[in-house]
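Listed in Swiss-Prot for this protein:
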BINDING   62, 80, 102, 103, 119  S-adenosyl-L-methionine binding site
């Protein structure tokens, strides 16, 4: 079993992200050839939050995924378990509410948010189903979940090339651009170990989310899952 199996130690994963925090965003841009910015924009579009609504961004890291909500004047809370990542985010965007916390035990009351999102972070959670259930708990009735995560390419030949890139090229590139290249070996292994689009959709439904759907990005390199909490979202006065 690889170190990136679903049986993870949260303290070890958090420490790993502490190490990569200073160069995290730059390295991600390099490794994705600039695609991470586009994927994050699509997450914001899928959330579709409007002024007056409150958004929880789980596994927000340095806050790059939270910035568009803050820039739009929304009330966004950026939560992460890596103090190193939060430190970088707070220094860059002091206007965003950064909170240290565990995705499997969210420090919020029931029905606190109009939408909850997690971008490229669910793989790093020790108990992803428990985290999905916690996100459901803190979402208001009628509220929305959006999950962006690396997934499984749908075209066979591309899947083969992608696997080769993950296990060989990605760690080599990270060795030149990251402060902790071994973290990107973990990244490659965790992507390979992650369930495919349909299985993740089933996980989301299993914990109680409704109307689960997903959209493939870049041929399934990334999948954008969306779901709703049963009930009706109250309109703001």
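Just so it is clear, glycine is given a Cβ too, placed from its N, Cα and C backbone atoms.
The binding residues for S-adenosyl-L-methionine are recorded as 62, 80, 102, 103, 119; their greatest pairwise CA distance is 16 Å.
Just so you know, the Cβ of residue 80 (S-adenosyl-L-methionine binding site) picks up 28 other Cβ atoms within 10 Å once every protein chain is counted.
Close to residue 103 (S-adenosyl-L-methionine binding site) in the fold, though at least 6 residues off in sequence, lie 58, 59, 79, 81, 118, 121, 122, 125, 131, 134, 135, each with a CB less than 8 Å from its CB. Long-range Cβ proximity for residue 119 (S-adenosyl-L-methionine binding site), meaning a same-chain Cβ under 8 A and a gap of 6 or more residues, is found for 39, 40, 43, 57, 59, 65, 147, 148, 149.
When Cβ atoms from all protein chains are considered, those within 10 Å of residue 62 (S-adenosyl-L-methionine binding site) total 27, not counting its own.
Residue density at residue 102 (S-adenosyl-L-methionine binding site): 19 other Cβ atoms are found within 10 A of its Cβ, drawing on all protein chains shown.
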